[in-house]
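Listed features, source TrEMBL:
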- 21-46: transmembrane segment (TRANSMEM)
- 66-91: transmembrane segment (TRANSMEM)
- 98-121: transmembrane segment (TRANSMEM)
- CYS166-CYS187: disulfide bond (DISULFID)
- 223-244: transmembrane segment (TRANSMEM)
Amino acid sequence: QLSLKTENRRMKRRHKILKEKYYLNVFNGIFLALGLMLLTFGLWLLSDRNNLFGVLFSSGENQLVAYISCTLLGIGSVITFTSAMGILGIVKEIKCLLVTYMSFQILVFVTQLAILMLILMKKEEVHNQWNNRIDEVISEYGNESLAEQEPVWNILNTVQHNMECCGRYNVTQWEGNKNKENSQIPCSCTKSSLKKWFCDVPRNSTYSMGCEEYLNTWFENNVLILTSITISLLITQMFLITLIGQLFRNTKKNNVWPNE
């Protein structure tokens, strides 16, 4: 009878272990999906030539996007590798893999927490750099000696034309551009379909509103996406670390490590 009770306890623990493995796999799947999102975000920043943020910061001495992209790619890759290791360790109940998996989880958790703090601390600084860079692009716009900047100017034209806005804060900002003649303004600040940098048009036929609201919304949305992914990863990892700890306790009590 004592043996039967012991066996029942073992069966209950085994049932609990199976339940924990199920939830571990669910949260590990979420963790993997979020890691792939970070990986995709990093690749998008690095490779998309129509990405406003990437094009603005890809030239000259400012390699901000390259640093952000490499960090996201690195963390995304580690998360993907860790998740694959976790799936194998959880399904096969391989103790050494689960120990390594938990160690990686703690390491990635600390790194993610540091990144979240960095995003919150540096957001305003990056935003100021963002605005300064846009002002710099407007002042250089149309300079024939800076042909390598044309992709940036084309994106600015697209923003101005599609959003029916002109300059960062308003149309008067273009008065500081030295590459135009007299009172010319960018053709993209009007309804003109001419494929050239500047047009001679009356001031009252131009878009008077600045593009700052649209540009700031674009910036804030991307920061919000990155912050949301980071916070979701942290929450998921807290569940994963807790569940792995419970799995270790129950398997130790039940003495079931089929693959040590």
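Note: Cβ is positioned from N, Cα and C throughout, glycine not excepted.
Around the Cβ of CYS187 (disulfide bond), a 10 Å sphere holds 20 further Cβ atoms from the protein chains shown. Cβ environment of CYS166 (disulfide bond): GLN160, GLN173, TRP174, ILE185, PRO186, CYS189, THR206, TYR207, SER208, MET209, GLY210, CYS211 lie under 8 Å away, each six or more residues apart in the same chain.
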